[in-house]
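See below for the structure under consideration.
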Amino acid sequence: MIAKMRGNYLLLTIIIIALALFPFVSDSRTLTILLTQIFIFAILAMSYDVLLGYTGIVSFGHAMFFGIGAYATAIILKKTEPTMLSFFLSIIVGMLLAGIVSFIIGLLTLRLQSHFFAMFTLAVSGLFLVAAEKSRTLTQGNDGFTFRAPEFFADRTTFYLFVLACLLIIFLLLRLFVHSPFGSVLIAVKENETRSAALGYKAIYYKVMSSVVAGVVASLAGSLYVVSLRFVNTSVMGIDITLNALLMTIIGGVGTLVGPILGAAIIQLAQHNLSNLAKTYPIFERWIIFFGIIYILAVIFFPKGVVGTIREKLGRKS
Amino acid sequence: MQPILKTENVTIQFGGQVAVDHVSCEIPEKHFKSIIGPNGAGKTTFFNLLSGELKPTEGDIFLRGESISKLSSVERARKGIGRSFQITNVFPNLTVLENVRLAVQSRAGICYQMFRYSSSYKQLIEETEKILSEVILVDKKDAIASQLSHGEKRKLEIAMLIALDSTILLLDEPTAGMSLEEVPIILDVIRNIKLAGEKTILLIEHKMDLILDLSDSIMVLFNGQLIADGSPKEIMNNEMVENAYLGGLYDDDIIKS
């Protein structure tokens, strides 16, 4: 058991070091940017896993928290001098807003049964999307706007390393969170709500807190995402973002935290490569169709996701 | 002395069906009361009313003189009403240890801690293991609950109840479906709880020898109504009980076998 854990830590350290050294070894700018995107979506997918995998909540509105972070950072960097201070401030503002919004929405709706909750989140995130489109003075709607990133991030490598550090910190924090006494109650509520009530656990409280944590982390991912693009438009609030997070979590392995990171890598690489293939084979213009096929196959053959299936084969408990 | 638990005309209707019909009873503190009656008599429904899974359509339930009819099952659990379920009701994908630890940490009140690994609470785990050894389940502590045998799940259920350390225990057929070797283990556990003299216990059972051995008093439900309530001796000599219950039991046995 302990040897196994040491092995895991060793593997983790090796992967981290390899990823940290990557930009110094490779001079492929495209690959560095792609990896940065993977890390950002990995953070988003992990936050979704806290909801889906550890609390059993299906949300179709996760993009709104991503969007809140994205707009908070973009607007603050646009309106103020793009320093690191205002960057960090914008992250905190985004997280606070996301936390408050998820708290209120959670409190209002998490008493609903799961599918009603899912529909409600879809509606609310639609509302946020429309709000972003209509508040043109602030967001310039669908056209979006560009802004300058802090000088510190001018070098793609620095930003890459910064995002990698964020991913590592969030991963370790969330792992602590789901393995804490609080996290074990989340799993209990997901598994059997009646039983957890008989043990004195009020499900709604734990569900709301879980959705706040997920919202706050998603907001961080949004902040990082717009800095990587130096551009923001309403697509950050779109359903595509939520569906991506959902796919990454499911394909990687629900309720594993490592899975969503892997899922983010798989989906981002697939998107990148499939759309590249379109240059030679026009059929790949419709790469999203292939994507659907990959997804269906994954759900049929790996219902527990890549990591879940591997763990099952190794015969150990998640 | 004020009864710890009291019901007054507690009634619940599902549509036209009256499942529990104006049941009034008093349970003194540290008392062992069994509830018997044929299948469908409303025993489990009565438990659900006491533990808060169901709310009475009429009547009132008092805990130490205070009405608890409007409280949710969570609030009642916190006030010290713990229950085991007739149909095994554990957390299927968690290990045995995790199942019981959830109950222990609920009582210890450390469920809000987010930034510390559960595994670092050594005392909590020791306590959990102690309870598991009481029900002879400690060997299986790392097994996933859904992979346990039926009897083992029942034991786990009891272990969680002990871990909660509730003042009132509602035991819903704790030995149902257990193998002959396993029944005595649970009986010993229940007997030890009774002998420790700390808890008020309500037990639903079909095994009459067991009931007569353990109970301070017995109440009999039939078609949702309380038809008798008294000492084991009184109940055994009650003609109405014999007609209603033993007749019913006879039918049940035919159906079961």
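Every residue, even glycine, has its Cβ placed from backbone N, Cα and C.
The annotation transmembrane segment is assigned in TrEMBL to A:6-24 (among others). Counting residues 6+ beyond its ends, the transmembrane segment (A:6-24) has Cβ neighbours under 8 Å at 32, 35, 156-157, 160-161, 164, 168 in the same chain.
Taken from TrEMBL, the feature transmembrane segment covers A:54-77 (among others). Through the fold, the transmembrane segment (A:54-77) approaches residues 44, 47-48, 86-87, 89-91, 93-95, 97-98, 101-102, 105, 110, 114-115, 117-125, 128-129, 132, 138-139, 145, 147-150, 178, 183, 186-187, 189-191, 206-207, 210-211, 214-216, 218-223, 225-227, 231-232, 234, 236-242, 245-246, 255 of its own chain, all at least 6 residues removed from its boundaries and within a Cβ separation under 8 Å.
Summarising the annotation, TrEMBL assigns transmembrane segment to A:84-108 (among others).
Feature annotation from TrEMBL assigns transmembrane segment to A:114-132 (among others).
Residues 16, 19-20, 23, 32, 35-36, 39-40, 42-43, 46-47, 50, 54, 149, 152, 186-187, 213, 217, 220, 224, 227-228, 257, 261 of the same chain sit 6 or more residues outside the transmembrane segment (A:158-178) yet have a Cβ under 8 Å from a Cβ within it. The transmembrane segment annotation in TrEMBL covers A:158-178 (among others).
What TrEMBL lists as transmembrane segment is A:204-229 (among others). For the transmembrane segment (A:204-229), same-chain residues at least 6 beyond its ends with a Cβ under 8 Å from one of its own Cβ atoms are 33, 36-37, 40-41, 43-44, 46-48, 50-51, 54-55, 57, 59, 62, 65-74, 77, 87, 90-91, 94-95, 97-99, 101-103, 105-107, 110-111, 149-150, 153, 159, 163, 166, 170, 174, 177, 182, 185-186, 189, 236, 245.
The transmembrane segment feature in TrEMBL is assigned to A:241-267 (among others).
Summarising the annotation, TrEMBL assigns transmembrane segment to A:287-307 (among others).
Remote same-chain partners of the transmembrane segment (A:287-307), defined as residues 6 or more beyond its termini with a Cβ less than 8 Å from a stretch Cβ, comprise 247, 249-254, 256, 258-259, 262-263, 266, 270-271, 274-275, 277-278. Residues of the same chain lying 6 or more positions beyond the ends of the transmembrane segment (A:241-267) and with a Cβ under 8 Å from any Cβ of it are 38-39, 41-42, 44-49, 52-54, 59-63, 66-67, 125, 167, 171, 174-175, 178, 218, 235, 294-295, 298-299, 302, 304-309, 311, 318.
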